[in-house]
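**Student:** Starting off with a structure, shown below.
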Amino acid sequence: MFSFKKSEVERVKPVLEKQFKATEDAQFRTLSLENDQEIELVYIQTVIDNANIHEQFFKPFFEINDVTRYESYLKSLPNFKEFKDEQDTVKEMLHGSVVIFIKDQVYIVGFIHQENSQVLDASVETTILGPQKALSENIYTNLNLIRHRYHKKSLRVEKAPDIGSKSNIQVCILYDEKEAEPKIVDQVKKRLDQANRPIVQSAGELHRALTNRKRRMFPTLLVTERPDRIAYNLSQGKVIIMIEGIPFVLIGPTVFYDFMSSMEDFYQPYWVSKFLIILRYVGLFISLFLPSAYVGIISYNPEVLRIQLAFSIAGSRMPVPYPSYLEVLFMLIMMEMLVEASIRLPKTIGPTATTVGGLILGQAATDAGLVSNIMIIIVAAVAISNFIIPINEMSFAMRVMKYLLLLITTLSGLIGLVLGTVGLIYYLVYLDSFGKPYLKLFTSRQKQHI
Amino acid sequence: MSRYFYYLVILNMLANVVALVPRILIEERVNGVVTSLMIAIIITLIYCLVYTNSMLKFPGQGQPEIIKKYTPKWFASGYLFFIGILYFLGTWFVLLSFIDITKRFINPEMPALYISVLFLSIICLGALMKTEKTLYALEIIMIISLPLITGIFLKAFLNEHISWDAIRIVFTHTIEPPSNTSIGAGAYSLVGFYFISIYNRVLKNRVEGMGVWRIVLIGIAGTINIFTSLLVPIGMNGIDGAENYIYPWFSTADALRMEFGFIERVLYIFLLLYIGISMISATITCHIAMEHVRSVLPEIKWKEVKIVPVMMAILFSLATILGYFFLSQVQVYELAKMFFSLLLFAGAFSCAVLFYAVRRSKQK
């Protein structure tokens, strides 16, 4: 036993020196007392709490003035960790630990400092009446936020292996032991083990690494920034995957309805929230089907509409010199450009772009006879209703889906629209999220049978 | 019973009352069709009682597993293959009529080959899904279309131009000898309960058996459904006029008008809804057919993909396309008559086989 312990420092020290000696911000400090007792501290200056290291490590050492007692002082520190092996020590150092050599033993104390631990305002999923704060970029701050919303002893926080062979990002999974199905928790852990990507920077990227399908259209895990949504999903037995440095978490398994629900639904009176949900689905249908229905009806079966309406559309299309699908495509692409531009532009230029774009699209295009007036209304309806979908990822997926439906309708008329819709339903039904059916009506948690 | 069972029964009722069945019934409208329908309903309900209750004795198992376990191998293979072919034929008829309907009513200028490929690609992909997933898709499509279709049926009945006298004439011919074809056609709209042969694998039923009152409920729904299918076209088009149409229901729907709304002609709503219904119906029957046939074929894998169902899908697609191009509408119609009558006997046979399996399972 003794011989093994003795080798600890001898094993670790050369490794650390080899790895970090050349790095400017790595520190190797030796402290000694009068009676020749010596300790050595190794740390990376830029990831630890540099302001307090003197207060926490150096000052007590000279005050205690005895190495053995200093050892027990270290053990009493909140983030004290047992030594495992060399590789682990290197990793701990990179994640903000201080490594201390005392006599023959190695101690590791977590002393992390992160600049980005302030809690951000909810900006992606805003609500009127709900909590206004979102997550922070620090995993511990986030845990704190969630624990304060979900006081239950069955809440489990587990550390998953770091993600990304290069970025080595810390990942935690959270679940309520009583509510979550063990099978799903195991599956999440297994998928996290298998996820291999050199660099993971965002929740969406981790989502891509977690699904075994390479090319995916619809989100099968929910990305959220709201602590209240996380707490609600924990109580529903979902598993939360938290990632260091990102103010978003992943929630799984999720079903289609999760992407259509806003936390606002819980904060409004029953009928109001039902109305909002219906509104959202109407929005979804409009943004998906309206452009294709326009093409299908105008170019294939104008007799579907009542005659007055058909005439007024035809009258409005009089100056337009090309078939309806080009008109739709032209306007939709312009609208998408506008949306993309307003996301990427600096905040100060943003309004200019939308005003200019709106003017061109709204008035000039019809005056020039490039598109019909009714088309403008349709594009506006599509653009607005697309943003009604509360979860961003789903709204983007539907944005793309619309073009597939448009393609099949352009090629085969209204029949293509119906077949495309059936195909879309089949595809959504076919998807799985951690073994749970993605789209299924009347899912209730009590009755798991079909 | 699980709600999905009722969806399956209702799906089959709806899917079959617009294309081939009403035409056969209307052709026999003055030859004791009411008696035929009554006989058809009673026979099918008896089949339903026997078949469903026998299947429910084997929770979580499909017909292939049961038959393979309790009958000799040569019989099981032949029988399951035969049943599979029957389901394929059912899908085939639905598809042929809907390809034709699409061409006639929606896109007359579109090549039939293109329409067939479009239909078949969606159906085959759907049929290759897992069994329970087809049920979820079925539920969604039913929830969307059922209220609208019921509305259209009601609208037809409440229409001021419907001639109740024409409908009365049908009933004056009640006491006349029934015909085999109309019994077969009438029974066909009720055979949705056979779908439990595969879906029993995933349906988690809360009850042990199928009670009499459930059968009566299904019977009432079926009676309303089949009489609507027969009488509304006669009421709208007249007792003589009804036989002039190949698809009496679509011509009837075209006689309806919606005064308030974007769409004036009910025909288009009806058509598009029915394309959806026929899609899911074809998907489900095709899925059942595939499950039956693949249970007797060896499992071959090619690069991790089970190849037998894919081959079946391709073969079936070819058969459908060839059928559309080489058979005239009249020939399909005559074949359908024979098929429906054949199903009556096949139904009795498969009830008997299943009953035998239940006896064997009790002996063991």
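Glycine is no exception: its Cβ is also placed from the backbone N, Cα and C atoms.
Annotations in TrEMBL come from automatic prediction, not curation.
Below, the features straight out of TrEMBL:
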TRANSMEM  B:5-26  transmembrane segment
TRANSMEM  B:32-53  transmembrane segment
TRANSMEM  B:74-99  transmembrane segment
TRANSMEM  B:111-129  transmembrane segment
TRANSMEM  B:136-158  transmembrane segment
TRANSMEM  B:178-199  transmembrane segment
TRANSMEM  B:211-234  transmembrane segment
TRANSMEM  B:266-286  transmembrane segment
TRANSMEM  B:307-327  transmembrane segment
TRANSMEM  B:339-358  transmembrane segment
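Please situate the listed features within the shown structure.
**Tutor:** With a threshold of 8 Å between CB atoms, the same-chain residues lying at least 6 positions outside the transmembrane segment (B:111-129) that come near it are 91, 95, 98-99, 102-103, 137, 279-280, 282-284, 286-287, 290, 309-310, 313-314, 316-317, 320-321, 324-325.
Sequence-distant contacts of the transmembrane segment (B:136-158) (same chain, six or more residues past either end, CB-CB distance under 8 Å): 4, 7-8, 10-11, 14, 126, 129, 228, 232, 235-236, 252-253, 256, 266, 269-270, 273-274, 276-277, 279-280, 283-284.
If you look at the transmembrane segment (B:339-358), the same-chain residues 6 or more away from its ends with a CB under 8 A from one of its CBs are 21, 24, 43-44, 47, 50-51, 54-55, 57, 63, 66-67, 69-71, 79, 83, 86, 89-90, 93, 180-181, 183-185, 187-188, 191, 194.
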**Student:** Taking B:5-26, B:32-53, B:74-99, B:211-234 as candidates, which has the most Cβ pairs under 8 Å with the transmembrane segment (B:266-286)?
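**Tutor:** Most Cβ pairs under 8 Å with the transmembrane segment (B:266-286) come from B:74-99.
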**Student:** For the transmembrane segment (B:178-199), find every same-chain residue at least 6 residues outside the stretch whose CB is under 8 Å from a CB in it, and list them.
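**Tutor:** Cβ under 8 Å, 6 or more out: 4-5, 8-13, 16-17, 20-21, 24-25, 28, 31-33, 35-37, 39-41, 43-45, 47-48, 51-52, 55, 62-64, 83, 131, 135, 218, 222, 225-226, 229, 284-285, 287-288, 291-292, 337, 339-344, 347, 350.
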**Student:** Given the transmembrane segment (B:32-53), which of the listed stretches B:5-26, B:74-99, B:211-234, B:307-327 has the most Cβ pairs that are under 8 Å apart from it?
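**Tutor:** Comparing B:5-26, B:74-99, B:211-234, B:307-327: B:211-234 has the most Cβ pairs near the transmembrane segment (B:32-53).
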**Student:** For the transmembrane segment (B:5-26), find every same-chain residue at least 6 residues outside the stretch whose CB is under 8 Å from a CB in it, and list them.
**Tutor:** 33, 37, 93-94, 97-98, 101, 135, 138-139, 142, 145-146, 149, 181-182, 185-186, 188-193, 195-196, 199, 203, 205, 218, 221-222, 225-226, 228-230, 233-234, 242-243, 245-250, 274, 277-278, 280-281, 284, 333, 336-337, 340
